[in-house]
Each structure stands twice: as C-alpha cells, then as structure tokens.
Amino acid sequence: MKTVVWQSLSENQQESLLQRPAITEGANITAIVADVVADVRQRGDEALLELTEKFDRVRPDSIRVSEQEVTAATSRLSDNMKQALQQAYQNIATFHKAQKTKPLRVETQPGVVCEQVTRPINSVGLYIPGGSAPLPSTVLMLGVPAQIAGCRQVVLCSPPPIADEILYVAQLCGITEIYNIGGSQAIAAMAYGTKSVARVDKIFGPGNAFVTEAKRQVSNDFRGAAIDMPAGPSEVLVIADKTADPDFIAADLLSQAEHGPDSQVILLTPEPSIADRVADAIQLQLKVLPRADIARQALGSSILIVTETISQCISISNHYGPEHLIVQTREPRELVPLLDNAGSIFLGDWSPESVGDYASGTNHVLPTYGYTRTYSSLGLADFSKRMTVQELTADGLKILAPTVVTMAEAEGLDAHKRAVTIRIEKLQQQEILKAQQVEEKEA
C-alpha cells in the first residue's frame with residue numbers, strides 16, 4: 001500500500017490516483033447471463049434445477065424450503081447466535097421504523113388540495129449470496145425494511161445449501177417464501193416468475209458479477225423487475241487527524257480490504273506521521289488475518305494520501321464519494337455538514353465500520369463506485385412508492401382554470417385545455433340556470 005503526498009501530484013495524477021479498480025465483466029459474462037435468463041423464462045423450474053446442479057453442483061430435492069427445514073435450522077443454532085441476530089434485528093428495526101413518513105396534505109390555493117401518500121411495493125425479491133460464509137446480516141438489511149414497509153409478498157433466494165443463520169433471520173423477518181436457488185438463474189426466476197417462484201416487482205441484494213449482470217439485464221427489460229441500485233466492489237475512506245489511533249485506522253482499512261481483491265481502501269490525513277504509523281500497523285495486523293492474501297491484493301490498489309489540511313481531505317473525499325466514510329478527528333461531528341458524498345459515515349474512534357455492517361441499525365446496502373453522488377443507502381423508502389392525490393372544488397377549478405388553459409394552449413394540447421373549459425362551461429350553465437330559478441321564484 002503506497003503513500004503519496006497529494007500536493008506533489010499534477011491534476012491528472014491526482015485524478016488517476018483516485019480511479020477505482022476496473023470492473024471487468026466482459027462480453028462473455030453478458031452472453032452467459034443472457035442465455036441463463038432466456039432459459040429460465042422459457043423452461044421455468046426445469047431450467048432452475050438444471051442450472052443449480054450445473055453451477056452450484058447440487059440438485060435440491062425441492063426448490064422451495066419447507067417450514068420444517070426452517071424450524072430444524074432454528075433448533076441447530078446456538079443461543080448466543082440467536083441473541084446476536086435478535087439484537088441486530090431490534091436495532092435495524094428501530095432505525096427503519098423511524099423512517100416512516102406521514103401523509104402530506106397541502107392546500108396550494110383556495111379550493112385546490114394536494115396530497116402525497118405512501119404505499120408498500122406489493123412484491124419484492126431478496127437475493128442472499130452463498131459462498132464460504134453465511135450472510136445473515138444481508139437478510140436483516142433487506143428483510144427488516146421489507147417487513148416494516150408492509151410488502152405483501154417477500155421472496156428470498158439463496159444458493160443451496162442455505163445456512164441455518166439465513167433461515168433463522170428470514171423467520172424473524174416474517175419471510176416464508178424461501179427458495180434453494182442462486183446466481184443469475186435466481187434473479188431471472190424472481191423477475192419473470194416460474195411455476196414455483198413468484199414474479200416480483202423489485203429485486204434487492206448483492207452478488208457476484210453474474211448476479212449483478214442479471215440484475216442489470218432484467219431491470220432494462222420492461223417485462224422484468226426493478227432493482228435496488230448498481231453494485232460494485234467494497235470501499236472505505238478514512239479521514240484522520242493527529243488525534244486518530246493508527247491501530248484503529250489500520251483495522252478499519254483491513255476490514256474492507258478482506259472483502260475481495262477488487263476492494264479499495266484510502267486514508268486521507270494531513271499528518272505524515274499518522275500515514276507512516278498506519279502503514280506499519282497494517283503490516284502487523286495482516287499477519288493474524290485468515291484472509292490476509294485477499295486483503296493484500298486489495299491493498300495493491302489502495303493508497304495512503306498525505307494532504308495539506310483537513311479541508312483538503314474533505315474536498316478529496318467529496319470528489320471520490322466513498323461507500324463507507326470514517327472520520328477520526330478531534331471533533332468529527334463538526335465535519336458532517338461539509339460531507340456531501342458518502343454511503344454511510346462513521347464518526348469518532350468508537351464507531352468502526354463493522355458496526356454498520358452488522359448491528360448499529362443503519363443499512364449496510366450502500367452505493368459504491370462513486371454512485372454516492374446520486375444514490376442513497378438502502379432504506380424504508382426503497383421498499384415503498386409515493387402517490388400524489390389532488391382534489392379541487394368547483395371554485396378551486398374556476399380560479400386555476402386560466403392558468404391551465406394558457407399553458408395548454410402554449411403547448412398545443414387542445415384536449416388538455418378542453419378538459420378544463422368543458423367543466424367551466426358546465427359551471428357557467430349551472431350558475432345561469434340557478435339565477436333564472438331564483439328570478440322565477442322571486443317573481
């Protein structure tokens with residue numbers, strides 16, 4: 001992991017230094033995924049079973065996980081694990097419940113009322129990756145907001161065999177539709193539906209290059225499903241001053257570096273001594289990490305940057321837009337108003353990135369690869385949709401009609417204009433008739 005002095009670089013060199021590792025999908029992945037998606041659409045469950053056997057080297061007895069299997073998985077877990085998962089569930093639920101919005105009702109002018117109401121997305125699909133270790137935390141991050149939002153149907157897919165921890169957390173989140181399928185075939189099944197797997201409106205969750213490509217393809221097809229956000233490799237950026245603990249910084253950088261060879265970690269500090277001590281601490285801590293080889297590969301594209309000031313650190317961070325941003329300075333809270341682009345921010349010495357990954361309450365599904373400029377961390381709103389309502393009285397329409405008529409004429413949309421004027425004419429006729437009735441009665 002190299003150390004550089006920011007001011008010693010030209011603008012082009014500075015820009016090049018902040019380039020993320022390239023995402024190498026390749027035409028072959030695109031073609032493979034397209035074939036898988038088409039196969040699942042055409043042959044449904046039969047294709048799912050064959051593809052699962054081909055890619056995961058196992059043919060499940062049943063595509064759907066039974067209630068008995070979930071109960072058995074729960075019984076196999078230790079009390080310690082259950083308690084940890086329950087605590088994480090409570091914290092995540094508490095934070096996401098607080099994100100509920102109240103209906104909005106505004107009278108924009110006399111007789112014109114506008115409202116905004118929220119409804120849950122009817123059906124959602126959650127993808128939980130397989131791999132060497134189970135990811136119950138991802139089930140929590142997706143399942144809890146889906147549950148709180150009130151999504152009527154929640155489908156969960158994960159490669160077989162599904163870990164006990166995943167099944168237990170699914171139960172905590174009230175998820176009963178769980179399927180033994182993974183990879184791009186699972187994304188296709190949720191996007192288009194099969195005899196066993198229900199079609200969903202939106203798909204959430206991380207995955208490898210094949211899963212990411214499948215999500216991209218189905219989201220670009222109007223017959224497919226929406227997705228949560230673009231995905232990329234994990235990343236963390238740390239802003240530190242002279243009060244920061246180098247051991248803490250090193251641990252935080254390595255916690256992201258161990259995710260994968262394509263992860264990127266960055267330190268920004270105006271203190272050369274901090275950069276040097278962090279570099280030493282990284283080498284010491286690497287010696288005891290089981291995933292040290294993976295972390296070393298990630299460190300190859302990672303950097304320790306020495307700046308002139310903390311203000312310069314903030315400027316660089318805002319330009320880079322990290323997935324995770326850790327602020328270890330004397331007064332970290334004071335920097336928050338100055339930070340514009342980050343997925344999730346961790347303030348102070350006692351807020352390691354790991355707590356956000358698991359149990360602080362915030363969501364760990366975050367935009368990466370610079371998408372923090374336009375995307376937000378996953379939250380309750382992602383499992384909901386907003387509808388607007390307007391209601392006008394007759395007097396309200398009369399007041400607003402000239403504005404609408406003028407604008408419709410300017411845009412050459414006569415039917416729009418007519419939808420207003422036909423009502424105004426009807427009102428005028430009613431008023432004339434009413435006046436005549438009054439005159440007749442008085443006579």
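Placed from the backbone N, Cα and C atoms, the Cβ positions cover glycine too.
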Exercise for the section: Determine which of D201, D221, D349, D357 appears in Swiss-Prot for the same Zn(2+) site as Q256, H259, H416. Expected result: D357
Completion exercise
Residues sitting within 8 A of the centre of the Y127, Q185, N208 CB atoms (NAD(+) site), not counting those, run P129, C157, P159, G182, G183, S184, A186, I187, G207, F210, V211, A214
Exercise for the section: Using only the residues recorded as binding NAD(+) (Y127, Q185, N208), report the maximum Cα-Cα distance in Å, whole number please. Expected result: 13
Problem - Among Q256, E323, D357, E411, which are recorded as recorded positions, the nearest neighbour of Y127 (NAD(+) binding site) by Cα - result: D357
Exercise for the section: Could you check which of the recorded positions (Q185, N208, E323) sits closest to S234 (substrate binding site), going Cα to Cα? Expected result: E323
Handout entry: DSSP three-state assignment for H416 (substrate binding site)
Key = helix
Handout entry: Pairwise Cα distance maximum in Å, substrate-binding residues per record: S234, Q256, H259, H324, D357, E411, H416
Key = 55
Fill in the blank from the handout: Looking at the binding-site residues N208, Q256, the one with the fewest other Cβ atoms inside 10 Å is N208
